[in-house]
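J.: My structure is below; once you've seen it, I'll send some questions.
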Amino acid sequence: MVVRRYFSVVPMGLMLLLSLTGCSGKAIEQAFSADPNTNQWGSAAAKLPSEFPRELRYPKAQLQTVSTEQNQASQGTLQAPLQKTRWGTPDSSDEIQQFYRRLFRGEDWQLVDQKSTRSQTTLTARKQTLQVEVTVETSQTQSGGTSPIVVTPGKPLTVFQVDYRKGSDTQLKATEQAPTTSSPSPELETEVGPQDNRPALTATSSFADIEQVPAELRPYVSDLARLEVLTPNATPNDDAGNPSAIFEPNQGITRGTFARWLVESNNRLYRDRPTQQIRLATTAATPAFNDVTASEPLFPYIQGLAEAGYIPSQLTGDSKEAAFKPQQPLTRETLLTWKVPVDLRQILPTTTAAKVQQVWGFKDSSRIAPEALAAVLADHKNGDLANIRRLLGSALLFQPQKAVTRAEAAAALWFIGKEGEGFSAKDVVRAERQTAGQASEQTGQTSE
């Protein structure tokens, strides 16, 4: 009986082996390999802390690990613990970054800092006493490095980390890198040249006629005014004999004034990022236009834009005219032609009026100058942050040759950059207020 049992088992084993050998080698390897999902999601015991902010949770992501890090503050006081959570999702790193960038640009949030390397992108944000740092690993790795992507059969997994800390006595390292108001940007100070070349009207933080700004544009003008980027259109004396700054928001803006605002807005929003600033030209530069000499107050700005290649000129070979016409009214199509290259930091590909009409739906796309079509089309890539959205809202007519008002120009300059990567005046105002408040608290603690 024992022998019979022995031989009854052998055929079954042979049948199993034969069935496997009939499959491909890959199938056999998978059949006897360890479960690829065993360690993919970390410990099965990983539990999300109850105080984890719901809005920080990324859809389709599964928790891998949770840890707590207790740090000692530099003054010897104990900081609130740093909660570190690691996640995995089948979505791409770009999708994850877009999700958190949109979140951090929402109400009450302040995007403090964002850094990118070949292997990861880190976003640092703050909401009241909540401080968050999101690190997203990219799918591209350096040669010889370990891939940050955990692969399951047929589906890549993107790993990212969400670290957060609550408490008024905390401060993330990146917060220290936020723009400050204590000192001017070195680039703006050294590149301008003699003070005699500055425009007579200086920027101010408040205007006597701010209530005349259209309601839908007022927030943009107010934010930029707080950063002292906008110049008044006149400074008449009030009843007491004191000069008052008049913005005149509904008056047209000249090409020369907008050139100055464009440079100063960009450099103000990116004042802690010198590599993203537009260098002002010195008086020693050879003028790119025959009607803007080195002695003109606006020369550093107009010449700086020309030398950087952001506006058509003889330097780029894109302009048939040698004159800049600084006192002429700025048109909508010209605003886009100058502003969009600064947003995208790249040369724009040529396009057609038909493509512009297809994307924007403008009935007058055929009236847009050929050299402006590329900028109008490219502006659409910025979604709700497109310049045209702030200028027109929802519209089926672009009216490319219509003069731009001073309020509309400010609205266009309120945000500079690509969607998810740029900065708005609101971002900078929040960051500087936060930094000023922290400095005030530290001064008070020192005096005590």
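Heads up, the Cβ atoms here are built off N, Cα and C, so glycines get one too.
Below are the features listed in TrEMBL for this protein:
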| type | residues | note |
| --- | --- | --- |
| COMPBIAS | 67-82 | compositional bias 'Polar residues' |
| COMPBIAS | 169-185 | compositional bias 'Polar residues' |
| DOMAIN | 204-276 | domain 'SLH' |
| DOMAIN | 285-353 | domain 'SLH' |
| REGION | 67-91 | region 'Disordered' |
| REGION | 169-206 | region 'Disordered' |
| SIGNAL | 1-26 | signal peptide |
J.: Per-residue pLDDT averaged over the domain 'SLH' (204-276) comes to what?
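T.: Mean pLDDT for the domain 'SLH' (204-276): 84.
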J.: Please list the DSSP helix, strand and coil residue counts for the domain 'SLH' (204-276).
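T.: Result for the domain 'SLH' (204-276), in helix, strand, coil order: 30 helix, 6 strand, 37 coil.
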J.: By DSSP, how many residues in the domain 'SLH' (285-353) are helix, how many strand, and how many coil?
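T.: Helix (H, G, I), strand (E, B), coil: 24 helix, 2 strand, 43 coil.
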